[in-house]
Amino acid sequence: PSPWPFFVAISANGMAVGLILWLHRTPSFLLMGMSLGCMLLSTFSWWRDLIREGDIGFHTRFVIKSFRDGVALFILSEVMFFFSFFWTFFHNALSPSCELGMRWPPPGIRTPNPSSTSLFETGLLISSGYSVTQAHKSMRLKDYDVGPFIGLVVTILCGTVFFLVQLREYYWNSYTIADSVYGSVFYLLTGFHGMHVVVGTLWLMVSLVRLWRGEFSSQRHFGFEACIWYWHFVDVVWVALWCLVYVWFGGWLYMWWFKMWDGDVYTFKYP
């Protein structure tokens, strides 16, 4: 029996009510602050108890299986979360309305170059996926001294640099979240993905500390394995986001195709 799920539920409800009040221009910072503080303390205590239970030996194979199922369902819920935003993006991009000038990107929106900052971010996340996979392989081979540490440190650095570069991109973008539906969906997709990168980086840091303390073995390291699942999910979402939002529907793919055929994109006059 644990009190932490009850306190997490109460604090989540308080944060939701505080958000609604803020959207109605009657913010209650006391409610939001108390709810956020209770959420942080409760989740920290909950995770602390989980780690202690694993160290004592309460995590049997059946318990680990329930953890696996729970993490899989959690990642599935995250997939559906991003699916809703991609659906919104496609709904407007594939059939732009009259209010958008029947064009995508809408007139007045200068989309970011996909071969610039975003390409560097893509390389960072792909590299981080490779390094965290190598860390997992080293751990399974009972290398607890060098391989996992190097892999985790490289992955954490990649996640940190990705977030900082994304903030820089936001600063230099020529549009905001209030500029047309393109700006709204763009910042929702990339912003929530950036939040997931921050959460994944913090999770990797916790795994690095636990590895330093000797809490993982070649056969019992599901906390680290679940972190790897989550990080690969973050990688896949960003690759899809870069290909669709930046390259294809950012207008750059059509511009390349237009220049390739010298403006005649319908008759295909071969030389």
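Cβ atoms here come from the backbone N, Cα and C positions, even for glycine.
The domain 'Heme-copper oxidase subunit III family profile' annotation in TrEMBL covers 1-250.
Annotation comment: TrEMBL describes 6-23 (among others) as transmembrane segment.
Residues of the same chain lying 6 or more positions beyond the ends of the transmembrane segment (30-47) and with a Cβ under 8 Å from any Cβ of it are 2, 4-5, 7-8, 10-15, 17-19, 21-22, 206. Feature annotation from TrEMBL assigns transmembrane segment to 30-47 (among others).
If you look up TrEMBL, you'll see 71-94 (among others) marked as transmembrane segment.
TrEMBL lists 146-165 (among others) with the feature transmembrane segment.
For the transmembrane segment (185-206), same-chain residues at least 6 beyond its ends with a Cβ under 8 Å from one of its own Cβ atoms are 47, 78, 81-82, 85-86, 88-89, 92, 125, 132, 152, 155-156, 159-160, 162-163, 166, 170, 175-177, 223, 227, 230-231, 234, 237-238, 241, 245. Per TrEMBL, the feature transmembrane segment maps to 185-206 (among others).
For 227-249 (among others), the entry in TrEMBL reads transmembrane segment.
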Counting only residues at least 6 beyond its ends, the same-chain positions whose CB falls under 8 A of a CB in the transmembrane segment (146-165) are 117, 120-121, 124-125, 127-128, 131-139, 194, 197-198, 200-201, 204-205, 207-208, 211-212, 216, 231
Quickly jot the same-chain residues contacting the transmembrane segment (227-249) by Cβ under 8 Å, restricted to those at least six beyond its ends, or write none.
71-72, 75, 78-79, 82, 86, 89, 93, 104-105, 111-112, 114, 118-119, 121-122, 125-126, 128-129, 132-133, 136, 155, 186, 189-190, 193, 196-197, 199-200, 203-204, 206-207
In the domain 'Heme-copper oxidase subunit III family profile' (1-250), averaged pLDDT is 91
